[in-house]
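Colleague: OK, TrEMBL features for this one:
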| type | residues | note |
| --- | --- | --- |
| DOMAIN | 18-82 | domain 'Transcription factor CBF/NF-Y/archaeal histone' |
| REGION | 99-122 | region 'Disordered' |
| COMPBIAS | 99-117 | compositional bias 'Basic and acidic residues' |
Amino acid sequence: MSDREGHSGAGPSDEDLSLPKATVAKMISELLPAEVTCAKETRDLVIECCVEFIHLISSESNEICEQESKKTIAPEHIIGALKRLGFDSFTTEVEDVLKDHKQQQKDREKKADKIKDSGLTPEELMAKQEELFAASRAKFAQPQGQQQQPST
């Protein structure tokens, strides 16, 4: 019997939802001063709070989405949910992160276009990539003191 059997197909139960403990522990340790440690119980409580916060924001965003007769939760719905729930102080940072995300998406598209617009066939691109890999392998195969200086 699999873990999913017995569920009504409505997705995982609240008990199944969590965040990776190692990731949360790393985030906590990066935020705390070096001399401060975090107990496992505290880390687990932080995870539960984060999951509850995500659930709260998702539910409120879904309500806003339904009120607007939309079927997809958009970033604007998340920002609206934060405001409705009294987390106005979070919205500026969320908007900044959204702006950064959109810029990263544009940059990825530009890279994809650059490859597409290069005029090279997929085979030529693959050969070019293999050349670069071979050059890199050769560079790192040389002893430390004998590595060639890049040509200008």
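Cβ coordinates come from backbone N, Cα and C, glycine included.
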Colleague: Which whole-number mean pLDDT does the model give the domain 'Transcription factor CBF/NF-Y/archaeal histone' (18-82)?
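Modeller: The average pLDDT of the model in the domain 'Transcription factor CBF/NF-Y/archaeal histone' (18-82) works out to 95.
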Colleague: Can you break down the region 'Disordered' (99-122) into helix, strand and coil residue counts using DSSP?
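Modeller: Summed over the region 'Disordered' (99-122), the classes give 19 helix, 0 strand, 5 coil.
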